[in-house]
Each structure stands twice: as structure tokens, then as C-alpha cells.
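The next block holds one structure in the form of C-alpha cells; read it before the comments.
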Amino acid sequence: MTAGKNDAGAEDRATNRNQSEVNRKLKYISLAVLVVQNASLILSIRYVRTLPGDRFFTTSAVVMAEVLKVCTCLLIILLQKRFSLKETLHLLLDAIVFQYRDTLKLAIPSLIYTLQNNLQYVAISNLPAATFQVTYQLKILTTALFSVLMLRKSLSRVQWISLLLLFAGVAIVQVQQEGNKEASLANSANQNYMVGVVAVVISCLSSGFAGVYFEKILKGSSASVWVRNVQLGIFGTALGLLGLWWNDGAAVAERGFLFGYTGMVWCVIFNQAFGGLLVAVVVKYADNILKGFATSFSIIVSTVMSIYLFSFHVDLLFTAGAGLVIGAVYMYSLPKAPGSSPSSSSSSSSASSASPRTDRGVEMEAFLPKA
């Protein structure tokens with residue numbers, strides 16, 4: 001009898017060790033995927049927007065990404081309903097049409113997300129990839145501030161210090177880039193540095209507000225994350241088409257919706273559409289520290305790749321500013337000290353990656369705009 005218990009205990013310990021080893025490997029895989037996704041999207045957009053020749057319409061790329069997101073969400077809902085078309089249609093009809101007031105609440109974040117996606121193209125088209133990657137971390141600051149103002153969340157002292165370091169680091173990078181602006185513009189006649197800076201700042205503000213607003217809507221809601229993303233995608237597609245007509249309507253009518261699309265452009269669109277899903281799947285195995293480290297490491301990867309791909313110049317001032325941003329991102333993701341209030345502890349996850357999150361878990365990150 002005793003021998004049997006000992007054998008069972010040994011098996012349990014062996015199983016726990018194996019599970020622990022699997023989880024450890026999954027964490028490292030998650031880290032690699034997060035770094036690649038964060039860095040590759042920015043580098044690939046920068047690459048396709050600086051290639052010579054015909055350029056695709058960014059407004060059409062935004063619409064195409066939204067369509068792919070909606071289709072993928074619908075497929076996931078269909079899988080959840082075990083391919084029952086009747087149940088899927090009933091669910092969508094009830095959530096989107098019959099509860100139309102609830103659906104209309106998502107018009108505001110969808111509008112902001114559509115604006116943000118278009119601004120992201122504008123910013124990366126006019127800024128070096130490394131500069132954009134560093135500056136775009138201001139979304140952590142804006143999300144944190146909107147969380148405090150709109151959700152009455154509190155931040156720890158370490159988080160406030162990290163936000164100050166973040167702002168200081170971005171400011172140093174901008175000072176460094178301002179000094180090199182004339183040289184960069186001489187080599188890039190079609191780029192406007194100030195337009196890029198304004199676009200990324202507005203994008204950060206919109207990202208922070210939309211993320212917190214979306215979190216506020218989801219709290220207390222019974223709708224699934226995938227249904228919410230279908231609702232967002234419907235508005236996003238409609239608003240994206242409106243933006244396409246307003247900005248590029250005549251050109252698209254003349255040259256076609258897919259004008260300038262290459263294999264690399266499709267890679268960018270698929271990265272935008274499915275990158276969020278990929279991150280949502282793997283991030284469940286990663287904690288906030290690992291996510292912060294992944295974001296920091298992706299800045300380093302973007303900077304190094306920019307040197308080789310775009311002849312980006314790194315000097316001491318840029319290194320100092322980027323170092324402050326990397327340290328600030330990591331500090332912000334650190335766990336809170338014991339004794340913190342529940343509302344305080346929840347704010348870390350809501351703003352650490354500048355993507356809207358709720359107690360539903362990381363699924364909400366899927367298909368939301370990511371950089």
C-alpha cells in the first residue's frame with residue numbers, strides 16, 4: 001500500500017517536472033514570437049513604403065486587414081459552435097442586430113483604431129523604423145494616463161518613475177533625430193520627419209484612449225471577445241472604406257483596389273491581421289516581465305536591422321534615449337509590491353503593452369491594432 005502511494009507520488013512529481021519544463025520552453029517560444037512579431041511588422045512596413053516604384057494605397061491595406069480580421073473571427077466563432085451555421089448566425093444576429101445599441105458603442109473605438117492604423121503607415125513612411133519603434137512606446141504613457149483618468153486606476157511609484165523615464169527617453173531620441181533631420185531629408189526627398197512625428201504622437205494618443213474605452217465597454221459585458229472583434233471589424237471596414245474614398249477614391253477608381261500589391265505587401269497585411277491572434281495565443285504562457293522584455297528586445301532588433309537594411313545611424317544620444325525607453329518598458333511591467341490595491345494591480349496589465357485588456361484574459365489582444 002505504501003509502495004503504491006510512493007509510486008503515485010513519484011509519478012506526480014515527474015509529471016509536474018515535465019509540465020514545468022514544457023511551460024519553460026513555451027515561455028521562451030513566446031518571447032521569440034513576440035519579438036519577431038513586434039519588430040517584423042514595423043520593419044516590413046518601412047521596407048515596402050521606401051521601395052522604388054509604384055506604391056500601394058495604405059488605405060486599401062487597412063481595409064484589407066480589417067476584412068481578414070472579421071473573416072478569421074467568424075471562423076473562430078464557427079469553430080466554437082462546432083460548425084453549426086444556424087447557431088453561429090443566431091449568435092451574430094442577436095449580438096450585432098438585436099442588441100444594436102450595444103454594437104453602436106463600438107463605433108467610437110473602431111473609428112479611432114481605423115485612424116490609428118492609417119496613421120501608423122504615415123508615421124513609418126516618414127520616420128526611420130528604429131525611431132518609430134522607440135517613439136511609439138509613448139502609447140504606454142497615454143494608456144496609463146487614460147486608465148487613471150477614465151477607469152480610476154492607480155499606479156505604483158515604480159510605474160510613475162518608469163513613465164517619466166519613458167518620456168525622457170523618447171524626448172532624447174527626438175532631439176537626436178532633430179539634429180540629423182537635414183541629413184536624412186537630403187537622402188529621402190519623399191519623407192517628412194515632422195509629419196511622421198505628429199502621426200506617431202496622435203497614434204499613441206488614440207491607442208491609449210481607444211484601448212481604455214474598449215476595456216470600459218467590455219467590463220460587465222457578456223459578449224465574447226470574438227463577437228466584439230467582429231463588431232469592431234464591421235465598423236472598421238466601413239470606416240476604412242470611407243477613408244479610402246475620401247483620400248484615394250479617384251486614384252483607386254483609376255488604378256484599382258490592389259494597385260501596387262506585391263508579395264511583401266501581402267505579408268505586411270497578413271502580419272497586421274493575424275499578428276494579434278498569434279500574440280494572443282502565445283502570450284498566455286508569458287508573464288508581464290517577459291512581455292516587457294520582449295518589447296524592449298524588439299526595439300534593439302529593429303534598431304540593429306535598421307542599420308543593415310536602411311543605413312540607420314546610431315550615435316550616443318540615440319543609444320541613451322533608447323536605453324531609457326527599454327528600461328522604462330521593463331520597469332513598468334515589473335510585478336507590484338505585496339499589499340498593492342486590487343485596482344492598482346490591474347492597471348499593470350491594462351497598459352503595459354498598450355493594448356486593451358480585461359479579466360477575460362489575453363484573448364482581447366487578438367486582432368486589435370499592434371505595432
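The backbone N, Cα and C atoms fix where each Cβ goes, and this holds for glycine too.
TrEMBL labels come from automatic prediction, so no person has curated them.
Features reported for this protein in TrEMBL:
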type	residues	note
TRANSMEM	28-48	transmembrane segment
TRANSMEM	60-79	transmembrane segment
TRANSMEM	155-173	transmembrane segment
TRANSMEM	193-214	transmembrane segment
TRANSMEM	226-246	transmembrane segment
TRANSMEM	258-283	transmembrane segment
TRANSMEM	290-310	transmembrane segment
TRANSMEM	316-334	transmembrane segment
REGION	336-371	region 'Disordered'
COMPBIAS	340-356	compositional bias 'Low complexity'
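Taking residue pairs at least 6 apart in sequence, the transmembrane segment (155-173) and the transmembrane segment (316-334) share three or more C-beta contacts under 8 angstroms.
Ranked by number of Cβ pairs under 8 Å to the transmembrane segment (28-48), the listed stretches 60-79, 155-173, 226-246, 290-310 are led by 290-310. Highlighted: of the candidate stretches 60-79, 155-173, 193-214, 60-79 has the greatest count of Cβ pairs under 8 Å to the transmembrane segment (226-246). Cβ atoms under 8 Å from those of the transmembrane segment (60-79) belong to residues 85, 88, 91-92, 114, 117-118, 121, 224, 226-227, 229-230, 233-234, 236-237, 240-241, 243-244, 248, 252, 257-259, 265, 268-270, 272-274, 276-277, 367 of the same chain, restricted to positions at least 6 beyond its ends.
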